[in-house]
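Novice: Feature table excerpt (Swiss-Prot):
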BINDING   Ser102, Asp241, Asp243, Asp245  Mg(2+) binding site
MOD_RES   Ser102  phosphoserine
ACT_SITE  Ser102  active site, phosphoserine intermediate
Amino acid sequence: MANRKYFGTDGVRGKVGAYPITPDFALKLGWAAGKVLSSQGSKMVLIGKDTRISGYMLESALEAGLAAAGLSAAFTGPMPTPAIAYLTRTFRAEAGIVISASHNPYYDNGIKFFSAKGTKLPDEIEEAIEAMLEQPMDCVESAELGKASRINDAAGRYIEFCKGTFPAHLGLEGYKIVIDCANGATYHIAPNVFRELGAEVIEIGTDPNGLNINEKCGATDVTALQAKVVETKADVGLAYDGDGDRIMMVDHLGNKVDGDQILFIIAREALRSGQLKGGVVGTLMSNMSLEIALKMLGVPFLRANVGDRYVLEKMLENDWTLGGENSGHIIIADKNTTGDGIVASLAVLAAMAQHKLSLNELASAVKLFPQVLINVRFAGGENPLESDAVKSVAAEVEKRLEGKGRILLRKSGTEPLIRVMVECQDAELAQQCAEEIAEAVKKIN
């Protein structure tokens, strides 16, 4: 990934109107991807997007580039990222493209690709696309140009897929569920999934206008969801991010249940039913309490680098089927090929219904250690993490923690940030240590 010019850990991403998230680059990217992907197969690429206003501009440019390379485009309209992964497989498309910046504000956007198998593109394919971007753009003969079409039943297909992951002998009758769709791609999907399974659904964050995606709502800000769950005396709250590949939950008392706790609930239920294959993959950011709780069940646990693509890579390396991040990316590989917020939340609801336990009771096995995360904007130049001054402060902090906690310093793969994380059973000590390291990073920056 270090030598990439455009592709980060989750495709190409940035501020709309600033290179490379511009219409001219999207046109060239569509063409370059089309040239690389057109060697065989259906000659058709699915294009989905979230609800950002810039999605219209970018999908048109991508379609024109693909057509010039001889590939046809099939538009799904606003659709969760995991839906595109699923639909790419079922339509036997050459590839799938998602126009989204996930949990970022509306003024950011991104373009990411799925292979014909519904997985992130291999590194060598992304590298080939980057190499093609350096070539002058051409156009196939008129008779070979791609066409554009629309898939009108994409939402219905994905709704049925999601419902099919829920055990047939269970239902959600009697459950009151608040669903926050972040004014994003799940707004017309998630409420219907849970209603059709029998639940009473209360919606928030389901009125997208192109500018309000992830704005004080969704998986990155569950404050409104917590208030609505308590106000309506709901059994559970579900919060998805803008493109629907993350899930955060809220119990009936208004407590947040994060990705680590969700991952544990799903793992324990899979273990009980004999469906857990191998162990569980987390990340360097996974809370120590998750690892301890899984160890008590005898479940192996491995840490991958941060990013769902790295979680999936380690799952595939070990032939395991469950992994995720504390941010709410949960991959259940025997159900979908990427993080799927709706499918993951259905797995938790199935455990609640099966054992007649509340989310609070299910999540109580994982008592999260306080974790302090400080993001320091990185302007370029020397990487502060390579600085002797930062290394010295980090080493002193590690010594002070004396096995009671841990630190993690990393450069973001999707944003110009240095992430400082300190985890410790003593919350005050964690905060103090994180601030000391962040201050050292700022001085270098």
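The backbone N, Cα and C atoms fix where each Cβ goes, and this holds for glycine too.
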Novice: Enumerate same-chain residues with a sequence separation of six or more from Asp243 (Mg(2+) binding site) and a Cβ-Cβ distance below 8 A; give 'none' if the list is empty.
Specialist: Asp50, Pro80, Thr81, Val98, Ser100, Ser102, Gly184, Ala185
Novice: Check the DSSP secondary structure of Ser102 (Mg(2+) binding site), expressed as helix, strand or coil.
Specialist: coil
Novice: Other residues with Cβ within 8 Å of the Cβ centroid of Ser102, Asp241, Asp243, Asp245 at the Mg(2+) site?
Specialist: Asp50, Pro80, Thr81, Ser100, His103, Gly184, Ala185, Ala219, Tyr240, Gly242, Gly244, Arg246, Gly339, Gly341
Novice: Under a criterion of Cβ-Cβ distance under 8 Å and sequence separation of at least 6, what residues of the same chain contact Asp245 (Mg(2+) binding site)?
Specialist: Pro80, Thr81, Pro82, Ser102, Asp308, His329, Thr338, Gly339, Asp340, Gly341
Novice: Most Cβ neighbours within 10 Å: which of the binding-site residues Ser102, Asp241 is it?
Specialist: Asp241
